[in-house]
Amino acid sequence: MTVLHVPAKWHLSPKQVLSNYLAICKIKVVLMLVLTAWIGIALAPDMQRGWVSQVMSLLGIGFLSAAAAAINHIVDREIDKKMARTRHRPIASAQLSITNALLFALILSILGCALLIIWSNLLCTILTLGALVGYAVIYTLFLKRATPQNIVIGGLAGAMPPLLGWVSETGTLSAPPWLLVMIIFTWTPPHFWALAIARKNDYQRANIPMLPVTHGVAFTKLCIIAYSVLLGIVCLLPYLIGMSGWVYLSSACLLNAVFISKSINLYWHQSEQQAMALFRFSISYLLILFIALFIDQWLLQ
Ligand code: HEM
Ligand SMILES: CC(C)=CCC/C(C)=C/CC/C(C)=C/COP(=O)(O)OP(=O)(O)O
């Protein structure tokens, strides 16, 4: 009798299956995106929409962001196999089939669109779908493989949620939420390039033209300093147009002082730990900055 050898990865427990689906959603990133969308809602003019509509709109934005992340895992599976950081990902390591992942992304997209159409509005649905296409198709399929400016241009998709939140509330496009988009847009290059410096060998092996690979680590560090200074200036705008108060301003000044000093510090140090420290700080930075925006709004009311 022939005994078939069944690889261990085919015997996944329900917990492992769930954790694989959560992993392809990039759940922590999505939670951060939803938080920034929520701040967009909180800062919008009060439309008396009620919290149920707001929660459903945030779920819709979250589902479409998770769908975008799942498509990114499918499209990038060959690249992911070549990089130490990503080779254990569920699709790259064949623990999750492409068909199941595609089906999952499709279900998330349909649910996300339905939630936004029912509880939000058509403009918000179209813009969120635009962000999905921007990240999952334009960035992942084309820009990532084509130019070291990939994450600068592609960063616009990830920067959209505050605008999406605002539009879900108001149904119209207006200037103030674009300032919040500009903050995340300017934050993205130092956020990512810090990690790319530490993982340069990975990107080189996968033949992905990230800035440290194409232009070297020293030049990338200079770009990080330039963007962190620009970020410091952009962060002043919400206060200058009266969108926020002293809590935000003082938090922003402190956070940006740390960001710029860590960026300059990175320039003078060779170690990967310094780069990873800046990457990790960039995440705490954005979290605290947006919470400060919320506290200010709450105090101003
Ligand atoms: C094109 C734009 C962006 C690029 C290229 C990028 C890149 C990355 C990469 C490569 C990681 C590491 C993931 C891992 O370890 O598997 C990461 C982590 C993270 N990013 Fe970004 N990012 C971008 C935009 C954003 C945006 C817009 C947000 C939120 C507003 C965000 C929030 C986070 C968070 C919270 C993590 C930590 C995830 C974890 O610990 O699992 N990123 N980012
Ligand atoms: C609808 C909507 C708001 C969509 C936003 C989509 C989204 C999840 C944006 C986050 C960007 C992100 C985590 C990029 C990672 O880059 P990468 O894919 O090159 O990194 P990797 O090597 O870790 O896969």
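Yeah, the Cβs are placed from backbone N, Cα and C, and that goes for glycine too.
Just so you know, TrEMBL annotations never went through curation; they're auto-generated.
Since we're looking at a predicted model, the values are computed, not measured.
Copied over from TrEMBL, here are the features:
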TRANSMEM  21-43  transmembrane segment
TRANSMEM  55-75  transmembrane segment
TRANSMEM  96-119  transmembrane segment
TRANSMEM  125-143  transmembrane segment
TRANSMEM  150-167  transmembrane segment
TRANSMEM  179-198  transmembrane segment
TRANSMEM  219-241  transmembrane segment
TRANSMEM  247-268  transmembrane segment
TRANSMEM  275-295  transmembrane segment
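Listed by sequence, the residues of this chain that lie at least six past the ends of the transmembrane segment (219-241) yet keep a Cβ under 8 A from its Cβ atoms are 176, 179-180, 182-183, 186-187, 189-190, 193-194, 196-197, 211-212, 248-249, 252, 255-257, 259-260, 263-264, 266-267, 278, 289, 293. The stretches the transmembrane segment (21-43) and the transmembrane segment (275-295) are in mutual contact, each linked to the other by at least three Cβ pairs under 8 Å (pairs 6 or more apart in sequence). Proximity of distant same-chain residues to the transmembrane segment (96-119), defined by a Cβ-Cβ separation under 8 Å and at least 6 residues beyond the stretch ends, is recorded for 20-21, 24-25, 52-53, 56-57, 59-64, 66-67, 70-71, 73-74, 77, 90, 125, 128-129, 132, 168. Within the chain carrying the transmembrane segment (55-75), a Cβ under 8 angstroms from the stretch's Cβ atoms is held by residues 24-27, 29-31, 33-34, 37-38, 41, 89-92, 98, 101-102, 104-106, 108-109, 111-116, 118-120, 124-125, 128-129, 131-132, 135-137, 140-141, 157, 161, 164-165, 168-169, all 6 or more beyond its ends. Counted as Cβ pairs under 8 Å, contacts with the transmembrane segment (150-167) are highest for 125-143 among 125-143, 179-198, 247-268, 275-295.
Within the same chain, residues 190, 194, 197, 218, 221-222, 224-225, 228-229, 231-232, 235-236, 238-239, 274-275, 277-278, 281-282, 285, 288-289, 292-293, 295-296, 299 sit at least 6 positions outside the transmembrane segment (247-268) and bring their C-beta atoms closer than 8 Å to a C-beta of that stretch.
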